[in-house]
Amino acid sequence: MLGKREKQILKLLFEQKPAYVTSQTLAHKLKVSNKTARKYLELLETSLKAATFATIEAKRGSGYRLQIMDEANFAKFYLQEIKQKDITAIKEASDRQDYILNRLLFEQEASYVDDLASELFVSRSTLSKELAEIKKLLEPYQIKLESKCHRGIYLVGNEKNIRRFIIEYFFKDRLQDNLFAFSEYSNLLEGVMVDEIVLSVLEECRKAKLKLSDLVIYNLVLHLGLAIKRIQNGFTMDLKTPLELGPSSLEYQTAVKILDRLEAKMHLKFADKEAEFVALHLKSEQGTAQILQQTKLTKNEIEIQLVQVLQVLDQELEIELAQDQILLDGLMLHFIPLLVRLQQCESLENPLLAEIKAKHPQILALTIKYFSQMPLFEQYHMTEDEWAYLALHVIAALERHYNAQKARVLVICATGQGSAQMIKNRLEHEFGAKLNIQAVISYYEFAKYDLRNIDLVISALNLGNMVFNVPVVQVSVFLSEEDIRHINYFLGKQKLRFFQAEKLALPEETDISAVRSGFSEKLFYFSHTVQTKEQVLAELTVRIAQVEQRELTTELLKQLKLRESYSSVVFSQYMAVPHPVEAVTDAGYVAVAVVPKGIMWDEEHRDIQLVFLLSPDKLGNFAVDKVSQQLVKVMEDDTLRQTLVASPDFTSFIQSLLA
């Protein structure tokens, strides 16, 4: 009998045959690493070889595909393995924990330790270990796992905390995959309570006993999130739907209950027809059949068109979108309500259009160029708003592609600001797609940080004899060649596979105006005569105090000294970036000293020509990270550094720095 993961792989390979499927796609689908996906592939291969009626063919550069030698026997095997639900397939600790938590959170019947051990085919001691791990998962949410003789095991905690745990444990990762990477685009849905949408959908569907796939649920959550955003932004939606589900249908009644909950919680009013569109999501199979009747195309024919478009996109972007099952499923589901609108010559306004055009113009242009070639859309006129909805799915796929194999890194320095931001930018420049920096934090925040989802800690401070369950690399703010070798060693030790370079860059351009706002002529100091570090810092702090129009030099100098007691603020042979441990000023400033002859900063650095004193504001609004990006350029471009040193006035200096 196959395990859960092997069944998932077999099902995916069978559904995609005769096409190849990459290990990366399998890893996405299974929510595991490439290495783990290949391990389960090998287990499945062994089982199939033993059965003799099928095998897995591997092709370098293409992936894996299923080869069936005996169709009749394979069909029996497939139906037996895939179609039946057998709890004995739960073999891994994480699967057992999922099963137990599902019982405790979503089912009303009593749960006893001996019964659970029997159901999961494990010993009582093994189950006790799983319960101990579950207690650790629940602890940050102030939820307790308790037991009584006549009640079994049960959860005790605040309902709000229990709901938050449900969201983050069961749905957070998949939300990030399916809802165009919420972690990256949360600002686009600012003001929308996504957690409340998810809970409303889950609870009402569970009460109605509607069995929906994860993908249908997530697409419905996305639909509702964007609907709420449209309402908040003043958009209107006056659409009709050709589906006559009727107000008495289970799907329609469930849709009404979901919307009623959200209206009460968020104090807004949905459009009259919104319930019909939600019901369309809930009755996806019937809805699909009715909508496709008018296109004279089958679902399979549309999917073939979609794959062909994605294959052309793959050639343009040098990527593998056509192998991304999440993208394929998401677009196929999106096409149904889209076709409803197109068949009625209507369009949905997109509140994210301006954001997409500003941040991802290339993706939007490519989406329009290639998706408009699908025969499915030839007879319709589609607005830019609708194309932008399709582009969101492509953007999400690209995010998944470039984040899939990056090591998750935590960066630490004394304050989590100046030095750490500098190291962060150096790491991103040096390692590119190899790293996914999860957070930049201070030493004091580190003690409380959850390291379970961190692969590597990179610190500018000596963390002493503390022991962690993840490797820690101490680096200098210079990020020397030796530091780079150490980081590569630990990454290689984990046997992570990296992309060598991103074929398509999706970075935001540095916000020049945000950087420029911190500099001013009053905070620029050019001198051929100054000789000491103390003179430079005294001059710069006085200038900041004059701009703030209050006395703060003593406190600021004290903070600068305290910061440097943790570790050096010299970031290159010629540049120092002093900054306080805690913000002193009401606004954010960058005070600059240019000393062509150089000054001695300390015994190891005797020729500092550029001093950038960063003074973040107390509210944390100043773009320290964007300023540090500019300073990285100075560190890595010696021609730019020489140009800045030769700039005697503020105008020429700032023009060269921000050019």
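Each residue, glycine too, has its Cβ placed from N, Cα and C.
Unlike curated entries, TrEMBL annotations are predicted automatically.
The model shown is predicted, which means the values in this text are computed figures rather than measured ones.
Under the heading domain 'PRD', TrEMBL lists 186-292 (among others).
Under the heading domain 'PRD', TrEMBL lists 297-404 (among others).
Annotation comment: TrEMBL describes 407-499 as domain 'PTS EIIB type-2'.
Taken from TrEMBL, the feature domain 'PTS EIIA type-2' applies to 517-659. For the domain 'PTS EIIA type-2' (517-659), DSSP puts the residue distribution at 62 helix, 31 strand, 50 coil.
Broken down with DSSP, the domain 'PRD' (297-404) shows 82 helix, 0 strand, 26 coil. Confidence over the domain 'PTS EIIA type-2' (517-659), given as mean pLDDT on the 0 to 100 scale, stands at 89.
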